[in-house]
Amino acid sequence: MPGFNYGGDQDEVYTPYRRVLVTGATGLLGRAVYKEFKNNDWDALGCGYNRARPFFLKCNLLDEDAVRGVIQSFQPHVIVHCAAERRPDVVERHTEAAMNLNVHACATLAKEAGGSFLIYISTDYVFDGRNPPYGENDAPNPLNLYGKSKLEGEREILRHCPGAAVLRVPILFGEVEKVEESAVTVLFERVQEGAESCTIDHCQQRFPTYTNDVARVCRNMAERALQDQSLRGIFHYSAKEQMTKYEMTCAIADAFNLPSSHLIPMTEQPAGAGAQRPQNAQLECSRLELLGLSVESTPFKNAIRDSLWPFQHDKRWRQTVFH
């Protein structure tokens with residue numbers, strides 16, 4: 001481990017000098033991970049690409065020389081790899097670019113990680129959703145190219161960096177730059193279209209999980225790994241509230257005291273609805289819990305309110321609730 005003896009005595013770890021590199025730091029999860037480490041006495045370096053500057057380092061993760069240069073210069077004790085193409089329908093349409101980011105960039109990063117503890121963010125979509133819940137040792141069987149690309153990314157990470165950790169998470173939401181940034185927060189648009197009825201999926205079961213909670217888990221894992229180099233392999237983290245997108249949308253309406261009578265549950269998947277999704281890929285998360293590394297998930301209504309209140313159309317609501 002750069003900077004001190006990885007896995008050695010605790011006395012050798014000097015808190016101000018703990019360094020973490022966060023890839024995809026401009027993205028939905030990456031921003032939360034970067035903030036979590038930064039706010040807890042870590043020297044954090046975030047990198048991105050299209051949206052990197054001026055706050056983060058611009059780095060092309062497909063450029064081995066660039067990746068090597070960043071790691072050798074910063075010498076991180078921990079790397080959290082959040083960068084990914086995480087939109088299943090986009091992966092289907094732009095497969096080559098998605099595979100480059102979701103698979104080949106993983107291989108590059110893992111090869112160059114050196115003594116750093118590497119956490120790779122993966123997905124519940126590595127499972128087919130036919131026999132939940134899924135434990136860390138259950139056999140993956142992804143239904144779509146996104147799930148296949150993330151599974152290949154896992155394999156590249158663990159092949160080139162056997163001491164790495166894979167953290168699988170479900171559908172995510174959190175503080176967004178625009179509501180379309182998350183498949184959960186985008187449902188707010190349906191809520192605020194109160195004048196027109198709209199149908200919303202009421203088939204597929206989801207476990208919407210707050211990015212701030214995932215970020216806390218990443219920091220817990222990182223801090224444990226500095227003391228215990230046996231922390232490696234596959235882990236699961238998920239919120240426990242089970243909802244369809246219809247139920248999420250109704251919960252969002254309730255959180256903002258908005259009507260939901262215009263929302264209509266759709267109980268059959270329409271033909272041509274994009275990439276196939278698993279019916280219920282619930283993650284069983286006992287490994288993190290047994291190690292004392294899990295965190296209690298933030299209740300959905302609280303977290304979604306914190307995430308979406310800046311996008312409320314009626315500005316008077318903010319004054320009523322927050323003042």
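Glycine is treated like the rest: Cβ placed from N, Cα and C.
What you see is a predicted model, and the numbers here were worked out from it, not measured in a lab.
Between the candidates Tyr17, Tyr146, Swiss-Prot assigns the NADP(+) site shared with Thr26, Gly27, Leu28, Leu29, Tyr49, Asn50, Arg51, Asn60, Leu61, Cys82, Arg86, Leu172 to Tyr146. It is 308-323, from the ranges 100-115, 180-195, 276-291, 308-323, that Swiss-Prot records as region 'Required for interaction with MAT2A'.
Around the Cβ of Tyr49 (NADP(+) binding site), the same chain contributes Thr26, Lys58, Cys59, Asn60, Leu61, Ala83, each under 8 angstroms and 6 or more positions distant in sequence. Listed in sequence order, the residues of the same chain lying 6 or more apart from Leu172 (NADP(+) binding site) and placing their CB within less than 8 Å of its CB are Leu28, Leu29, Ser182, Val184, Pro208, Thr209, Tyr210, Thr211, Val214.
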